[in-house]
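Everything below concerns the one structure shown next.
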């Protein structure tokens, strides 16, 4: 799934709202997505916004951050454990939890992996992983708060001797390709993998496919699906590349045995299923090779799968072969391929060039060279469920080529360990022309050479990392051992390609049936900071052995020793703290102990951020600090003394106004941000800031107030934390909006929403009866998002800067229908994507909208043949895949028909019960992403009453305009035809339409009896593209 950038989040939804438990109870959101965190707190999402509900009896605050397009909501009592690295940050990644279907609508449990506990915290233990010292468990969400108390009461957790991870998911990432690595020549030597068991952990397989005839020796299902059937097709394809039987589409090792472990299906495998499969394959099956064509982004810490690869490799001698990932050029090698012991595989095309999708190194944790090798991974034809074959691309396809090659090599050398197999395949690989070592590793595997060479290395990759002020002179030694399986000695000519690599001599002689070692010196003295990869090559005739080696040199860096002094004058650990570079967004998280932290920082300009929660004289006091930190020429000592903090004061000149909520306290500084939920906090007595100038830093405090009117008061300053954090607002200086909220059903209620652009939608007035009116005052000069929530329906605008003075607006106004305020579809190369997120926008200008209760279908066809179909349901920006259609298109130009049809039956609206758009457009292969030429017809009927009713038998003037998908090729509207229906679309009659400037207008005669008017419009543009849009029950008549 594509992740949402911060700008997209800002355009489509409000990011975060903090509310008190009472406010949450006052405004339930039926059918809204919700995520219960492991702490028992809930993040409730309602399409365009969200709010936080603390768990029962929990008096905590929350830190909100947007990192890499993901929204994190971390409670104050969880933050220290996340900072210490003993609690998985992904447990609080709301975006990822929803994407993995861990929301409350999808599962009643929180899946976790525990390490080091004598008994699982979850009430339901899913599986034990004794070899790895782990347990997979599920914590019932209804009991999450209790489980959290048990978790935090475990002293071993705080001491760092145990860990808890989210049981995450990892997406699954051949007629000519086997020749490319030399497999047929191996077969001629009788090397077919016979007698070697290869375990494939994947999406299952088609047991009836001829490719697996007499191949499977064991199988086990670790997934949450009921059987081994492969609905995805990935596992069938991958397994047949390893060892598929057949003539034309033969696998690399066609006589190897298959142990098939199903670890996932369409949702992708969970970490615990993978871990169980790995343990089964290595310990019970005793497979020589395990293929793992899946992964997830790697981080600096060792995750459970990386631990398992290293542990099981060492204990069992199994070789784990893993894909590098398909996220180039931005993404790096994924986990578990990032594990030291894994044989990690990138992809090349049929011409031996690097595939443009193949993820490069270096490894995130230490900059070491990864991947280790490459193999064919572009348009690989292999088995498909149902008995046929199909092409697929990815490092998922490259990985089984290497697994098959390892099986053949294991047949030749049955006593070799996985580490020896890895070193031999890496050492015999052939360099990829034009590729860097971080793209290709040692190069493309050459099975012919691997079988032929009598000398092999014992090591595959030798690496060193040096701190800036290394007292050892930035030198290290590593040993390369060459083993000779032949009957004659062999003299190797040695050379080092790399500026930090030095050899003691130019030759080494390896005795027959013996070994010889060479000491490699890695000397980075005087070298620039950064990566210095290289290779050591040993040659003798046709024998060529490559060993990866190199070093990483830390940039000029020094220690920053930070002390935080609390309100009572004692060193105090902050609730949250980061050291960040505002230019790059690079973050270091200090680990405090008794108020002191030591952090290694590269030379340059940084900022220190700290947020404290303290009990002072019986009440909780929050203190915010952020100040520049310059690292230059030596260690730095920095003290933040919160006794210097100034109290925040904010007010309004309405004597009846009462502070309702402090919903945002945030800092933005270049590419860095940190925002806190302050639900229920009285800023006038509980919030302090430590004044400090800091160029470029923007401080924001947002509060909501209530009297007979609503207030959103925002104190926004630039240049650092203010010396005087006081803000007194006067009504005459504010922006005043009188908003009317129409009804679309009897006895309906709704929530007017407003919030800082890109941060959150709050409901300062709570729930109001419909129709209704609200006067709202806002601080001018600030960009806000506005919206309205009624039942499961959410509508919002694109954000605007409010100006001093009075304006008016209308919400929930007919006609609700499709909108292109945000992009709705695009073509990239020959891939098409379409989103139906904007199908229920109300009739106001610059609006988008969705209804979580609406369902429907989208289809794409060409020449009458359906190319793709997708069910549409639960259309929410946090789970966009529920409202998306994706398709692979034929290369070249063509005309396509795209239809999106949705309906709803909801108590909050009797209008727009059916909405359908049928687009016809031409499209051709593109060089990059290009928006589709889609159109939407937007109506603004005049004279409707507050319940969206027109007078029966009367006349309704109907202005209409045509919106185009943003960024699509410009074209003029050349014709508009309009029809109306008074019987829900059973009969239609045409209505004249006239052009008025750039828009259009019609005059409708309404039915004489109460009911509804439906609208159907047909639009053609100058490019010949069209849309036919139907809205049943567009407005009411009474």
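Including glycine, each Cβ sits where the backbone N, Cα and C put it.
According to TrEMBL, the active site, charge relay system annotation covers 202, 234, 396. Summarising the annotation, TrEMBL assigns domain 'Peptidase S8/S53' to 193-443. Among the features that TrEMBL reports, signal peptide is placed at 1-24.
Overlay of TrEMBL annotations on the structure.
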residue : record                           : CB count, 10 Å
202     : active site, charge relay system : 30
234     : active site, charge relay system : 27
396     : active site, charge relay system : 29
(message) Using the alpha carbons only, what distance in Å do you get between residue 396 (active site, charge relay system) and residue 234 (active site, charge relay system) once rounded?
(response) 9
(request) Fill in the CA-CA distance, residue 234 (active site, charge relay system) to residue 202 (active site, charge relay system), as an integer in Å. (result) 7
